[in-house]
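Asks: In case it helps, TrEMBL gives these features for our protein:
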- 41-262: domain 'Alanine racemase N-terminal' (DOMAIN)
- Lys54: N6-(pyridoxal phosphate)lysine (MOD_RES)
Amino acid sequence: MAYMTQKDLANTEVDCVRARQIADGVHGVQDAIAQAESRYGRKAESVTLLAATKTRDVGEIMAALRAGVRVIGENRPQEIVAKAEILRVQAAREGLSVGVNGEIPLYLIGQLQSNKINKVLPLANGIQSVDGIELAQKISARAQNLGLCADVMLEVNVSGEATKSGCAPECAIDEALAISSLPALNLRGFMTLGARVDDEKIVRSGFAKLREIRDCVSEQLAQDHDGNSTKLELSMGMSGDFAWAIAEGSTMVRIGSAIFGPRAFV
């Protein structure tokens with residue numbers, strides 16, 4: 001990640017032009033979410049906007065928060081470590097509480113290597129990218145050692161693309177139920193990336209598949225808990241396909257470039 005030596009992610013300054021660009025991006029996405037909710041018969045404000053802040057510095061993230069963003073997602077553990085505490089301090093100066101125990105949660109939405117678990121758990125509100133029971137067991141054990149309880153989502157590779165992480169759809173129900181029984185973990189839902197094609201039918205079918213998995217797991221958990229179970233989220237939809245994700249039941253969309261513009265670094 002050479003960009004971390006070329007860009008100061010802890011920078012807290014943002015000029016007025018850049019701040020306005022980000023605010024316009026936030027407001028444009030909020031409007032588009034509202035339009036999609038209305039178009040597809042979803043309840044108003046039923047979809048949460050998560051700002052995906054990969055390669056964005058603290059100043060840029062603060063501009064998004066000032067514009068109304070209330071959930072943040074980082075792709076890389078190293079970026080959480082580099083930004084979390086400085087972001088928490090900057091936000092507190094403006095009356096906002098970011099991160100663990102705060103009103104504005106910070107999630108890891110990218111891959112997590114086992115050697116980074118201990119660094120991420122104290123800083124993140126949850127991990128959306130748990131790809132199976134093996135990683136979940138490691139997170140559970142580390143969380144117990146740290147005296148924490150971690151919120152997790154199971155990432156499912158609904159498109160079957162080899163370049164994407166996540167468990168296979170046919171394994172997802174069993175994996176989710178196994179994760180839900182682990183100590184020091186709360187299963188909060190499911191996450192996926194849509195197929196990298198322009199065909200609406202194909203993309204939506206993947207999102208619909210995840211919704212069906214979520215519904216099946218929710219039903220099973222309700223039976224296991226005498227009808228009392230937490231609503232499971234669907235984190236699906238990004239800048240290019242979030243309207244289709246909303247059509248298929250997404251409760252959280254992860255938006256980066258539509259808010260911040262193209263990334264200068266990968």
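Backbone N, Cα and C define each Cβ position, glycine as well.
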Asks: Taking all residues of the domain 'Alanine racemase N-terminal' (41-262) together, what is their mean pLDDT?
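Replies: Over the domain 'Alanine racemase N-terminal' (41-262), the predicted model scores a mean pLDDT of 96.
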Asks: According to DSSP, collapsed to three classes, what secondary structure does Lys54 (N6-(pyridoxal phosphate)lysine) have?
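Replies: Where Lys54 (N6-(pyridoxal phosphate)lysine) sits, the three-state DSSP reduction gives coil.
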